[in-house]
Amino acid sequence: MVFWEGYVSDDVMGTFAPIVVYWLYAGFYQLLPRLDRYRLHTKKEEEQKNLVMLSTVVKGVLLQQLVQATVAQVLFLVTAQASLLGVPVQPSIPVQILQVFMAMLVMDTWQYFVHRYMHHNKFLYRHIHSQHHRLVVPYAVGALYNHPLEGLLLDTFGGAMSFLITGMTPRTAVFFFCFAVIKTIDDHCGLWLPGNIFHMFFQNNTAYHDIHHQLQGSKYNYSQPFFSVWDRMLGTYMPYSLVTRRQGGLEVRPLKD
């Protein structure tokens, strides 16, 4: 039993809930006060180093979400498995938890290797992936700011593979994709807030991904959005330390050249 049952279908929720969650959660970060003592970069750095305006970022994210919604609708339509009553069979809670965990691993694996290749292939980086790195100082609203082709290959296809391989239902997918969206936004928020549960339970977090957005870290910390296992296994993990800046706030410092 879920709160939307009887109002909208699981397919509709699976398509549009992640989009709504994205703007609510990213908007929450956008509306917070400056919180300079918890920022990984100063506001001045954000304004000077970033190469794209907020309005352009918003348009880019909306375009990617339009593509994602279209693919999601097709995916749910093609894979629909209904009982005689037209209601998908929902597995037990333990099975759903296992499916979500496996989906996290699938998404991480897909995104690591595609993401890494986009950095190593000079053509793909220059013409496609560099768009995301125009945000040298990442912020929440820009979490899904990508070239449209990258958004399709990295995020949309990665999500589709996670859904198909694990065999989760659209109802389970609602929770998985909303969680993945929240985690991705948090990784790009640029704030190291006390009590953040993602910082407590995930080594792949805001500071971890900030290293990757720093110019000297572009060959490290490709893993996203959940675990750091592939970086550690394949030698692309960059350790770091969090230090307090004299002028206030925090700084993520790589621990190797």
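Placement of Cβ uses the backbone N, Cα and C atoms for every residue, glycine included.
Quick look at what TrEMBL lists:
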- 101-236: domain 'Fatty acid hydroxylase' (DOMAIN)
- 12-32: transmembrane segment (TRANSMEM)
- 52-76: transmembrane segment (TRANSMEM)
- 96-114: transmembrane segment (TRANSMEM)
- 135-154: transmembrane segment (TRANSMEM)
- 160-182: transmembrane segment (TRANSMEM)
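By number of Cβ pairs under 8 Å, the transmembrane segment (52-76) is matched best by 135-154 from the list 12-32, 96-114, 135-154, 160-182.
Count of Cβ pairs under 8 Å against the transmembrane segment (12-32): among 96-114, 135-154, 160-182, the largest is for 160-182.
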